[in-house]
Structures are given as structure tokens and as C-alpha cells.
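Positions annotated as domain 'Electron transfer flavoprotein alpha/beta-subunit N-terminal' by TrEMBL: A:9-198. What TrEMBL lists as FAD binding site is A:247-248, A:261-265, A:278-285, A:Asn299.
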Amino acid sequence: MNFEDYRGIWVFIEIKDGKVAPVSLELLGAGRELADKRKSQLAGLLIGDGVEEYVQTLYEYGADTVYVYDDPLFNHYRTESFMRAVFDCCEKHKPEVLLYGATANGKDLASAVATDLPTGLTADTTILDIEEDTGLLLASRPAFGGNIMATILCKKYRPQMATVRPKVMKALTPQEGRSGELVRETVDLKEDDIRTKVLEIVRETTKKSSIDEADIIVAGGKGLGSKAGFELIHQFAQVIGAAVGGSRDVVEAGWIPHQNQVGQTGLTVTPKIYFAIGISGAIQHIVGMQNSGLIIAINKDPDAPIFQTCHYGIVGDAHEVVPLLIKAFEKALDRRVSHV
Amino acid sequence: MLHIVACIKQVPDTKIIKMNPKTNTMDRASAPAILNPYDAHAVEEAVRLKKRYGGLVSVLTMGPPPAVKAIKKCIEIGADEGYMISDRAFAGADTLATSYALTKALEKISKIHPIDLIICGKMTIDGDTGQVGPGIARRLDIPPLTSVKKVVEVNEKERYMVIHRKLEDGYEVIKSPLPCLLAVEKEINKVPYSPLPNMMKAARYKPIIWAVADLEDIDRTQLGLKGSPTIVSKVWAPPKPQGGTILDGTNDQQVQQLLDIVLEKKELFQ
Ligand SMILES: Cc1cc2nc3c(=O)[nH]c(=O)nc-3n(C[C@H](O)[C@H](O)[C@H](O)COP(=O)(O)OP(=O)(O)OC[C@H]3O[C@@H](n4cnc5c(N)ncnc54)[C@H](O)[C@@H]3O)c2cc1C
Ligand SMILES: Cc1cc2nc3c(=O)[nH]c(=O)nc-3n(C[C@H](O)[C@H](O)[C@H](O)COP(=O)(O)OP(=O)(O)OC[C@H]3O[C@@H](n4cnc5c(N)ncnc54)[C@H](O)[C@@H]3O)c2cc1C
């Protein structure tokens, strides 16, 4: 394998709900930095049915080139069809690095492609860097349930591949009118060649949780004592117009639904303000909220680890402090809410 | 007869694991070894399918000799047979080398009983990459189905199955030919307490153990550390955040201070 032949940083572009998935834009931001460091090009790899309309967005977010596979065959994500496109494109154009969002589909696709190429694949990366002269990708990731960080290298194979967690990289501010090169590609594949069939897609009416996009989150933990005690969290959230989140332990206790869980096995959130009330601050919780703008912790234990991660903390009993907060905010915001 | 093989791994219990603050390394002795929780669901699903359709459930693990304990746990859950591949040569395998070794073992198992279905966990709680399942499927050239939250139907005669694959806002219904590989979510089932007869069987159970030499057509350069393209070059404890300002005074005073801090972002409170 001649490493000289492998050039450029690529990002697999995921389309979700009729737009480019936020993680793909974040990866273009991270990829731009890597490409500049290597004095090489940044490319997007876009696969789908009727997806050419997204190309301009990709240029604006930093891509120099976009490889497009546009075919009804790619109407739904299926491992077998998508991996063929990615595999062929890698063989043909030989990228040095290929990044995927660590989403369900991104991880599925990356694992399949890595096996066939074959090459190394670093999972769930949260920190990316590249050696300027050698092009060696330094991908760091949490492991052992977040207890340690590990830097993973792939020295002997190209392309170097990694899946990257959503919300840890930053998208660039889009540059309106920026343009690039469009490269249309096709695969030699027919519907009959693909063994799996998507029979139906069911959208669940219990839509995705609002904590994903909220500016303010009030999150509660086991320290609230009971489902009834957790009502304080709902009341406070209502007064300040926040979404409600929680630790895994309160989800397991059945106080709030799973889609409100923040953390490693829940959602990664980045609100402008995050209240952590009666939450101890276990590492698995911290990884899901540490990039919030302003973190405020309320806990009765002065040694609770959450105080290491917060910007401001109150040591006190939630059952005393939160009612005071509710009153103070109601007054300050001139807002009365009936507590039923 | 439906033959289902669940791939399982023994892992340190990351809830209990402690870090050595001086060396920033893991104190492995502090963590008891357990069956990877996601794999318990994989085995349970295999056992449920056996109850529904009849058949045979085998489990396969790659690991050091103590991993026999994880196989016994699967026998408790209701598996019939346990296979283990264990050899120095497998040590240090990343997901590419792991899926290669497991595939070679699966090929050997399929000569004893042809395999209809392979079930893996969504991921492990130590490496937690979730890459091994799709890797095995590619190597065997069978469809990988990840994020599986429900098995709707297995049709052994017509050689297909139907599953629900979890999406962020719902699920998709997928039909796949058999054999195929599932990587299952925790919500697919609940693992109940094991019945006493299973526990008695497990206590006596001895799995079939193969070394590298027992596997056929194996390319040793693809195994273990040598066969692993990824290298863990550095391990460190996640940086400790410095900690914030702890407010003081009475509860009322603290709340007032907090109000001032937060209301600086007044634009957020429409
Ligand atoms: C693989 C793995 C994945 C995980 N994923 C997640 C995840 O995604 N999200 C997550 O949150 N956790 C996750 N966990 C669990 C995590 O390790 C912790 O167990 C969990 O976050 C603890 O929840 P808690 O802080 O609500 O409860 P506890 O740890 O019980 O903490 C309660 C806190 O409340 C305080 N308190 C008690 N009474 C009061 C009071 N009256 N007023 C104020 N404070 C009070 C206590 O001092 C304590 O600090 C995961 C664990 C593992 C092993
Ligand atoms: C700190 C650290 C970081 C690592 N990071 C990476 C990385 O980024 N990329 C990489 O390629 N490797 C990585 N590895 C190596 C990886 O953990 C091992 O390859 C491991 O053997 C398999 O990966 P996993 O535990 O992530 O399994 P996963 O892919 O998460 O496991 C999915 C399923 O595959 C099956 N399975 C997995 N392992 C076995 C087994 N031994 N026997 C039977 N069934 C099994 C189980 O059903 C399991 O539920 C890392 C290891 C360490 C210690």
C-alpha cells in the first residue's frame, strides 16, 4: 500500500429528516481543520435519492469537493447498498481520512466498510488531530464506560477511519456563495442485488424529546427522592421555560421517560444553561452535558463530583432551594404558573 | 431445526471499576468480570426464538480461560451449547482481528450444525465500539442488521426473517434472508431470573474450547495484535474539570446570586 496515493479528508454526509444531519456539518468543520493542517482538500461523500440539492450547503460549510451517488437505490439507508458506494469511492479516489458521524447508521456503515477495505476504525471519537508531516490521524475516544480516554492510531492502513460523536466538534459559520467541485458517481448495483428490504418506516408519535434542542434544561437526579419529589423539577422548568432532563438512575426508577436521559447512554446536550439538581455527576452523566454554556449544580453533598464540572454551585437541599428558585424566578420574570 | 449462535464477551463491570489516581491506569482487579449486559439480551432473544420455533442455541466467545464463567451464565439463561476460542495468539485483537477470529470459529461451528442466525449485543461496555457484529456479517457475507429492537417473525422454511430496526424517531420494518446477523438493543427483551434446572446444568457445564491450531484455513497474520490495524497508543484519565464557584450565604442569598447570574442571559427566557 503506497501511502502517497491517499490524499484528502473526507466526511460521510448523512441526510436526516430532509436535511444534512448536524453531525455531518460538525465533521466538515473538524475536517476543514485537518485538511488545512495537511494542506489537502476536504470532500463530502453524499449518498441518497434526490440529494444533489444539498451540495451547495456542503460547500458553504467547508467542503471543496462533493462526491455524489444519487439513485433510487439509495432511497432508504441499507448497509449493503451504501457500503458499496463508499467502498467503490474509496478504492477509486483514495482518501487519507474518512470520518462518519457516530449515529446508528454511521456506525453500521463504517464497520462494514472497514471490514471490506480492510482498515482500522476508531469508534466514538471525541478528539481529533492529525500529524502535519505524516498524516497520521490521532483519534481519541472514551472507553470502559467513560472511565478512561484512549488515543487510537492506524499506522499501517489507509484510509484511516473514525466515527465521531455528535455535538463534540464545531461546524463552521457557513460562507454564503462558497462553491466547489461536484463529482457524480454511480454504482454497478441493481435492486435485486440487495438482500434486505425495508417494508415500512414507522414514525412514532411520541416525537423526539425536546431536550435535544432546548436552550435551557433543568435536569434532576436521584437526589429528588421520589417521583413526587421530581415534580419540583417539572415546576421549575415550566416557570423558566426549560426542557426537563434526568440522570439514568431516574429513568430506571421510572420517574421520566428514556428520551429525557442525558449522558453516555442517553442524549448529548448542549443547552445555553444546564441545571443539575440532585445529580451526583457520574462520568457517564458528565459526558452528556459538559459542553453546556452555563452549568449550575444544586446538591446537598459538598463533595459531589458535579461541583467539579459546574460553573456555579449551591450546596443545599433541593427541596428547600428549588421552591425558593421557583419563587424568585416567577417574580423576576413576572410569570405566574399554576401548579397542578 | 433453527440453529442460533449468540456471540458473547466477558467484560469488567465498568460500574465498579476504579482508576489508580497515581498511574492513571485501570485497576482491573477492582472490577469483577461479568457477561456483557447487552450480550445477555442477545442470548435471551435466542432462547425466546428457540421456545417459539424450536431449535438449538449455541454461544461463542473469544477470551482468556476465565471467560468460561460468562458461558456458564449463558447456559443459565437457557443456551444449549458453549464454544470458546482461547489462545495467546488472539490477544490484543481490535475489532477487525476479533471479527476475523470469531468468523473462523463460526465456520467451524456451522460444520457441526449449520447456522441460521447469529445474534450479537449492540456493543460491549468495555471497548464499546459496536463494530464486531457488522464485521462478522461482512466476513460471512450475510446481511448485518443493527439496532434491532424486535424480532417479528422467523420463517425457517422460506428462509427469511422480519425485524424492527430502531430509528431516532421510530423504527423500520426490515425483511432479510436467512442466515443474517442481528445486533440487538437492550429494549428487545427482559432477562428474567434463571430457572433452577438451568443453574444446575450450568454448574456442571464444560464448553468446547478451541485453540488457533483447531481452526481451519486460518491466516495467523490476521490475528491478535499483529492482525489489528488500530493501536491504542496512549491511555489517560479524562481531564478533571477545575470546578466552579460555590455560592455562599443563606439559601435565600444564594438563590438571589444565582438569579443575577442566570438573568444575564435574559434573552433566553421568552
Ligand atoms: C455503561 C454505563 C452507562 C451509563 N450511562 C448513563 C447516562 O447516560 N446518564 C446518566 O445519568 N448515568 C449513566 N450511568 C449511570 C451513572 O454511573 C450514575 O449511576 C447515575 O448518573 C447516577 O444518577 P444520579 O446522579 O441521579 O444518582 P446518585 O448517584 O444516587 O446521586 C444522587 C445525588 O443527589 C444528592 N442528593 C441527595 N438528596 C438530595 C437533596 N435532598 N437535595 C440535593 N441533593 C441531594 C446526593 O448527594 C447525590 O450526589 C451509566 C452507567 C454505566 C455503567
Ligand atoms: C481503550 C480501548 C479502546 C479501543 N478502541 C478501539 C477502537 O476504536 N477500534 C477498534 O477497532 N478496537 C478498539 N479497541 C479494541 C476492542 O475493544 C476489541 O477489539 C474488542 O475485542 C472488541 O470490540 P468491542 O469490545 O468494542 O466489541 P463490540 O463491537 O462493542 O461488541 C459488539 C458485540 O460483538 C460481540 N463480541 C465482541 N467481542 C467479542 C468476543 N471477544 N467474543 C465473542 N463475541 C464478541 C458481542 O456480541 C458484542 O455485544 C479498543 C480497546 C481498548 C482497550
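Each Cβ is built from the backbone N, Cα and C atoms, and glycine gets one as well.
Features per TrEMBL, on structure.
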residue: A:Ser247; record: FAD binding site; contacts (Cβ under 8 Å, 6+ apart): A:Ala219, A:Gly220, A:Gly221, A:Lys222, A:Gln261, A:Val262, A:Gly263, A:Ile279, A:Ser280, A:Ala282, A:His285
residue: A:Thr265; record: FAD binding site; contacts (Cβ under 8 Å, 6+ apart): A:Arg248, A:Gln284
residue: A:Gly281; record: FAD binding site; contacts (Cβ under 8 Å, 6+ apart): A:Ala297, A:Asn299, A:Ala304, A:Pro305, A:Ile306, A:Phe307, A:Gln308, A:Thr309
residue: A:Ile283; record: FAD binding site; contacts (Cβ under 8 Å, 6+ apart): A:Gly145, A:Gly146, A:Asn147
What is the pLDDT of the domain 'Electron transfer flavoprotein alpha/beta-subunit N-terminal' (A:9-198) when averaged and given as a whole number? 96
Would you mind pulling the DSSP three-state label for A:Gln261 (FAD binding site)? strand
Check each of A:Ser247, A:Thr265, A:Ile279, A:His285 (the binding-site residues) against chain B and write down, in sequence order, those whose C-beta lies under 8 A from a C-beta there; write 'none' if there are none. none
Cβ neighbour count within 10 Å of A:Gly263 (FAD binding site): 24
